[in-house]
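Q: Quick one: the structure is below, and I'll ask about it shortly.
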Amino acid sequence: MGKAPIKVLITGAAGQIGYALAPRVASGSMLGADQPVILHLLDIPPAAQSLDGVKMELIDSAFPLLHGVVATTDVDEATKDVDIAVMVGGFPRKAGMERKDVMSKNVSIYKSQASALEKNAKPGVKVLVVANPANTNALILKENAPSIPPENITCLTRLDHNRALGQVAERTGTPVSEVKNVIIWGNHSSSQYPDVAHGTVAGKPIKEAVADDAWLAGDFISTVQQRGAAIIKMRGMSSALSAASSACDHIRDWIKGTPSGTWVSMGVFSDGSYGAPKDVVFSFPVECKDGGWSIVQGLKIDDFAAGKLKATGDELVEEKALALECLAESSQ
Ligand code: NAD
Ligand code: LMR
């Protein structure tokens, strides 16, 4: 007998990331080529027709692994018994907008959807927040879904991690599969610290393989930090295919595990490791095993890195305060 289907919720499924993500999940990129799925697609009423169109296309694609599609604007129906929730729904940043501009709109969505997940999802639901501000939305979701274990609520910094791998691969003319163990520390924002100090290219330290310290300490960091804004400038819309692909990577590695000696970056509820602030969702290097993750410990942090970790941690603490202010104002 084949495996039982896994129910995967995608919120904001009529949007551009949703449109790129749903077929990847349905074709096995997230959970494997032998794992049937049932897709739960949520969007808001103004997008209902477009959402139905996505459902029609998924049916027309005849994905062998796709055992059902629920397309709905009802958050309770969407969250019912889901095993995995990929939270993409929200208002995206447009050209000229700062991430903080989208804060007040998005945090209230995450507060109310937290309650729906808590009420309806499977007890072990694994949650990945993609919508910005991703770390702070994940924090708000965690605060408002106390019965979901905090370790099951994460945010996407795998896109930044993959961007860092891509930059090093391009620079060294190496296939990206040979580049390992970069780290994204902190916030999914331009304050993040893309760190190559512990990474390798075909087994050689990245620093040696690149042989250009000025690039690594300068343009490499700013390119990765600013890549989201650069894509918005080029496309007039934020990254979608790379965001969808990275969301699949995040969930796949979380569930299936990371190869021994290899880590990935995930935004997780901080325990204060490496001097990061506690009680925020902070991106760390993590190893995944048996459906869980643990922060890689014992990496050496030099003064340069410590300064960058402090800056991105400070921003997350500020974002948290701003989010709580927005929620307090919206409840008045
Ligand atoms: P989009 O505007 O194309 O799609 C967003 C969808 O969310 C829309 O269909 C909208 O109707 C829907 N939506 C709005 N409110 C909702 C609600 N309450 N419930 C359910 N759905 C709702 O945007 P997009 O380009 O798909 O981006 C989605 C989000 O992902 C944005 O916040 C964007 O900034 C973020 N993003 C994050 C990363 C990352 O790496 N973490 C990368 C790219 C984009
Ligand atoms: C990205 O990193 O591509 C997005 O988070 C950019 C954005 O602000 O939507």
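Note that Cβ sites are derived from N, Cα and C of the backbone, with glycine treated the same way.
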Q: Determine which of Asn106, Asn144, Asn152 appears in TrEMBL for the same NAD(+) site as Gly12, Ala13, Ala14, Gly15, Gln16, Ile17, Gly18, Asp43, Val130, Ala131, Asn132.
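A: The record-listed residue among the candidates is Asn106.
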Q: Quick test of your reading of the structure: among the binding-site residues Gly12, Ala14, Gly18, Ala131, Asn132, whose CB sits under 6 A from ligand 2?
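A: Near ligand 2, sequence order: Asn132.
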Q: Among the binding-site residues Gln16, Asn106, which residue has the largest number of other Cβ atoms within 10 Å of its own Cβ?
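A: Result of the Cβ crowding comparison: Asn106.
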Q: From the Cα of Asn132 (substrate binding site) across to the Cα of His188 (active site, proton acceptor), what is the distance in angstrom?
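A: For His188 (active site, proton acceptor) versus Asn132 (substrate binding site), the Cα atoms are 8 Å apart.
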Q: List the same-chain residues at least 6 positions away in sequence whose Cβ sits under 8 Å from the Cβ of Gly12 (NAD(+) binding site), in sequence order, or say none.
A: Gly18, Leu42, Asp43, Met87, Val88, Gly89, Gly90, Ala131
Q: Can you tell me which of these binding-site residues sit near ligand 1, meaning the Cβ is under 6 Å from at least one of its atoms: Gly12, Ala14, Gln16, Arg163?
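A: Close enough to ligand 1 are Gly12, Ala14, Gln16.
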Q: Tell me, by DSSP, whether His188 (active site, proton acceptor) is helix, strand or coil?
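A: In the DSSP reduction, His188 (active site, proton acceptor) maps to coil.
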